Each structure stands twice: as C-alpha cells, then as structure tokens.
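What follows is a short report on a single structure.
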Amino acid sequence: MTILLNSSLQRATFFLTGFQGLEGLHGWISIPFCFIYLTVILGNLTILHVICTDATLHGPMYYFLGMLAVTDLGLCLSTLPTVLGIFWFDTREIGIPACFTQLFFIHTLSSMESSVLLSMSIDRYVAVCNPLHDSTVLTPACIVKMGLSSVLRSALLILPLPFLLKRFQYCHSHVLAHAYCLHLEIMKLACSSIIVNHIYGLFVVACTVGVDSLLIFLSYALILRTVLSIASHQERLRALNTCVSHICAVLLFYIPMIGLSLVHRFGEHLPRVVHLFMSYVYLLVPPLMNPIIYSIKTKQIRQRIIKKFQFIKSLRCFWKD
C-alpha cells in the first residue's frame with residue numbers, strides 16, 4: 001500500500017490497522033466484536049433504563065452506576081466506527097482532524113471512567129462508614145457537582161493533547177498500530193522531539209489514574225477498618241458484599257490499563273497480536289462486564305431487570321392470545 005505524505009497537516013491522513021496478516025479473516029473476526037459491541041450497548045442501556053424508570057433506585061449508588069453506564073457507552077461508541085469500518089469495509093484511512101477527535105474522546109472517557117470509579121468508592125465509604133447519613137452527605141446537588149467535576153477535569157486535561165500533536169510534522173510512516181487513534185501511537189510518528197508530549201502525558205496519567213487509584217485504595221482501607229470493627233460476622237460479610245461489584249469494576253478497569261502500559265513500554269519483543277489483544281481488552285472488557293456484574297451482584301438491579309423481562313414476556317403472550 002502506497003502512503004502519500006502530505007506536507008499540509010490539514011490534508012494529511014493516518015492509516016489504521018486491524019489484525020495484520022489476518023486480513024482475509026476480518027469478516028469472521030468482526031463477529032465476536034459485533035457481539036461485544038451489541039452486548040455493551042444493550043447492557044448499559046438496560047442499566048440506564050432501569051435506573052431512570054424506577055423511582056426507588058434514585059439514590060447515590062445508582063446515580064453513580066448510571067454515570068458509569070454512560071461513560072462505558074461513550075467509550076464503546078468512540079471506537080466502534082473505525083474498528084468495524086476496518087473489519088467490514090477495509091476503511092483504513094482517517095483524516096487527522098477525525099483522528100484527533102477520536103483520540104480526545106477515547107482519552108477523556110477513559111479518564112472519566114477512573115473519576116466515576118473514585119466517586120463510587122466515596123459512595124461505598126459513606127454507605128459503610130456513615131450509613132445513617134448517606135443521603136444527607138451525598139445529596140443530589142453534591143452528586144451533580146461530582147459528575148460535572150469528573151467531566152471538566154477529564155476534558156480540560158485531555159484537551160491540550162490534540163494541540164500538542166497538531167504542531168508536529170509527521171515524516172515517518174503514517175500507519176498506526178491499532179484500529180483507533182491513541183496519543184502514544186500518534187506521537188511516535190512525529191519527526192521532531194516528543195519530550196513535551198511524554199512529560200504532559202505522564203502528568204495527565206498522574207493527575208487522573210494516579211490520584212484516583214490512590215484515593216480508591218485509601219477509601220477501601222478505611223472501609224476495611226470499619227468492617228473489621230463490626231462485632232457480628234454476618235454484618236461484616238453484608239457490609240463487604242455491598243462493595244464487591246465496585247471492587248470488580250475497579251479491577252476490570254485498572255488491571256488491563258496497567259497491563260497495556262507495561263506491554264507498550266517493555267513488550268517490544270512480544271508478538272504484535274499481544275499488543276492488539278491488550279488494547280482491545282482495555283477498551284472493551286470493562287464496558288462489557290460492568291453491566292453484567294452489577295446486574296448479577298446488585299439485588300435491586302437484578303430484580304428490576306427480571307421484572308422488565310417478565311412484563312415483556314406477558315405482553316407477548318397477551319398479543320398471541
């Protein structure tokens with residue numbers, strides 16, 4: 001494939017890649033990806049519908065769960081067009097403005113997910129350590145402020161990245177290593193020094209994932225201290241059980257992120273398919289698994305979903321009769 005390197009940034013393009021060497025199998029590879037995307041969309045929309053339509057679920061925990069579902073939906077939809085475009089139509093070319101826009105949304109939504117998980121850990125801390133004042137501490141106004149601060153912090157920290165990349169001339173190959181645009185991949189293609197991008201990228205990671213993970217760890221240390229002070233064994237288990245879903249969501253988000261970071265920095269000798277696999281796990285597994293985990297582990301959500309399906313089933317039986 002011949003790549004035309006345009007001197008004008010506005011006319012320049014990047015080329016995305018799927019699974020190199022397996023282009024003939026892209027149609028088959030797209031099947032599990034379609035299933036994952038459909039499951040993510042339906043699962044998170046179901047969570048949002050249940051929370052929005054049931055007044056008994058209008059509490060702090062469920063508001064934060066709704067924020068997580070919105071973030072997961074956004075993260076899924078930000079990669080869907082280019083990933084399926086490559087698998088179905090072999091559409092590899094992407095303009096720099098479109099690439100930078102996708103980059104902005106992917107990194108902003110990833111940062112927002114970290115922030116929402118921190119907000120959920122604060123909710124768990126208040127629920128376990130100060131249960132009598134849960135609704136008075138985390139008021140609707142407070143929850144709205146926490147949500148807005150998550151959006152603003154993420155957007156403002158990520159906003160400089162496209163502008164830092166825009167100043168470069170790209171004299172290396174314009175072929176990106178993934179089916180979507182990421183800051184780390186694009187800056188490697190620049191002709192000049194990328195030290196500023198490296199430093200600012202580390203600063204963003206420290207301010208988002210670094211701070212959030214530290215505060216989440218601290219909140220669970222305080223939760224564990226409170227739980228261990230409870231005399232009743234059953235009450236201790238009940239208190240811990242309320243945190244299981246959130247702990248799973250935290251692990252699903254941070255473990256793939258750490259794994260992807262390690263692979264990028266120290267895994268140059270690894271097969272390229274490992275890099276691709278880790279990147280897809282990082283972006284697709286948390287949005288896929290979060291609604292499933294919360295549907296299974298959260299009794300109120302599980303009961304409402306079952307009722308919805310029973311209602312739909314009864315309607316179908318009614319119309320058949």
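The backbone N, Cα and C atoms fix where each Cβ goes, glycine too.
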Read off the topology recorded in Swiss-Prot and answer whether Ile86 and Asn130 share one side of the membrane.
no
With the ranges 79-99, 142-162 to choose from, which does Swiss-Prot describe as transmembrane segment?
142-162
For which of Asn6, Asn44 does Swiss-Prot record the feature N-linked glycosylation site?
Asn6
I need to check the long-range neighbours of the transmembrane segment (142-162): which residues 6 or more away from its ends have a CB within less than 8 Å of a CB in the stretch?
60, 63-64, 67, 100-101, 103-104, 107-109, 111-112, 115-116, 119, 122, 183, 197, 200-201, 204, 207-208
Judged by the number of other CB atoms within 10 angstroms, which among Cys99, Cys191 is the least packed of the disulfide-bonded residues?
Cys191
To the transmembrane segment (240-260), which of 28-48, 57-77, 199-219, 276-296 is linked by the most Cβ pairs under 8 Å?
276-296
Mean pLDDT over the topological domain 'Cytoplasmic' (220-239): what is the value?
86
Residues sitting near the topological domain 'Cytoplasmic' (49-56): Cβ under 8 Å, six or more positions beyond its termini, same chain?
62-63, 65-66, 69, 300-301, 304-305, 308
